[in-house]
Amino acid sequence: MIKVQGPVVLYQDGVREARRRQSLRARYAYGLIFFATNLLAWFVRDYGAKLLRGLHHVPVCGAGDSKCFQSGGVLRVSLGCFIFFWVMFVTTFGARKLHEVRNSWHSGCWVMKFLVYAVSIVIPFIIPNIFIQLYGEIARMGAGVFLLLQLISMLHCISWCNKRWMPDSRSNQCGLFGLFLSTISFIASFAGIAVLYVLYISNSSCLFNIFTITWTAILVKIMMAVSLHSKVNEGLLSSGIMGLYIVFLCWSALHSEPQTGKCHTQMKIAKDGDWATIVSFIIAICAIVMATFSTGIDTRSFQFRNDEVQLEDDVPYSYQIFHIVFAMGAMYFAMLFINWELNHPTRKWSIDVGWASTWVKIINEWFAASIYGKSTKNSSCLPCHF
């Protein structure tokens, strides 16, 4: 019995480890699917009317009808992506153990899932436009939910970094690395604010930009003061990283302003197809995919109970949370591609440009700063998973 039990246990451990590795690799496959869907949405938006002429034979895409292209095309591709990840969410909901069928479905069966994906993408192109417009309205709310999930994941990671590298007040550690990161973060934050003043305020009439940048600087100082308060005592690292984040949001908001005013003169308006425009467009798509992927794999941030002990045969992350985040990400990329406007045409090779996009980012920045101020007293020490 003893001679047989050893090999059996080793075999079971090997199978369990193989399933775990397969589950972890599956995340990147879903990330590639999401990336390919982003490229498909761009293709349909910018070149669909010319290259997908076969769609004109579909009743809702008749000759001279642009309902399947531009913003409508993006929404249809987004809906298809949402359907696919929603199906994955439903079929993997409640998966707990590596030996379950739901784990095998999540980590394998790629031929069948490709068919499910293809059907999911085709269906939105054969349904009436009124349902697509309804989905567009829902996608606005879904994109807002995604931004909230991204913020929760960001705060979770910042809290872990602070616990990891900043010493406890009761310990004798000096935390030189944490202090170094804090210093670099605040220097970069205020340097970034100075650069924003130079790039986006060409004259004293740019009142909107002056207010936005100045308020961002005030928020950074407030967060630093809150972190150092005796009742909070969070240290400077968390507020430094959060300061960098809201400065980035401020820059992103100003960068999304229509390049038609006198206050947006840091570069000439690039023509469609200009190499700089193409590079920035590709970087923007990669940023969308990375934001969705990093938020999706940080499943512990969204669990109600974080004190559960993970066993050897447990799945390495929550599949249902992973897929629902990607479903919300499908709504999010749709809003970025159509600039949060459902019926207005967009310029080729552009993404997330317009006053609607600008205000979404500004509100997101202010909301992030307010949530950080409320969460400093209840920060979690659980690590983020990247």
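For all residues, glycine too, the Cβ spot is worked out from N, Cα and C.
The transmembrane segment annotation in TrEMBL covers 28-45 (among others).
Per TrEMBL, the feature transmembrane segment maps to 74-93 (among others). Same-chain residues lying 6 or more positions outside the transmembrane segment (74-93) and placing a CB less than 8 Å from one of its CB atoms are 30, 33-34, 37, 40-41, 44-45, 68, 102-103, 105-106, 113, 116-117, 120-125, 132-133, 135-136, 139, 142, 319-320, 323-324, 326-327, 330-331, 333-334, 337-338, 342.
Here TrEMBL flags 114-135 (among others) as transmembrane segment.
Per TrEMBL, transmembrane segment is recorded for 141-162 (among others).
Annotation source TrEMBL lists transmembrane segment at 174-200 (among others). Here the transmembrane segment (174-200) has Cβ contacts under 8 Å with residues 161-162, 165-167, 206, 209, 213, 216-217, 220, 224, 235-237, 240-241, 243-244, 247-248, 250-251, 254, 263-264, 266 of the same chain, all six or more residues outside its ends.
Annotated transmembrane segment per TrEMBL: 236-254 (among others), in sequence order. Remote same-chain residues near the transmembrane segment (236-254) are listed as 154-155, 158-159, 161-162, 165-166, 178-179, 181-186, 188-189, 192-193, 196, 199-200, 209, 212-213, 216, 219-220, 223-224, 226-228, 264, 352, 357-359, 361-362, 364-365, 368-369, 372, 376, 379 (criterion: CB distance under 8 Å, separation of at least six residues from the stretch ends).
Positions annotated as transmembrane segment by TrEMBL: 275-297 (among others). Sequence-distant neighbours of the transmembrane segment (275-297) (same chain, 6+ residues past either end, Cβ-Cβ under 8 Å): 27, 30-31, 34-35, 38-39, 42, 146, 149-150, 153, 317, 321-323, 325-326, 329, 332-333, 336, 349-352, 385-386.
Residues or ranges marked as transmembrane segment in TrEMBL: 317-338 (among others).
The transmembrane segment (28-45) shares more Cβ pairs under 8 Å with 317-338 than with any other stretch in the list 114-135, 141-162, 317-338.
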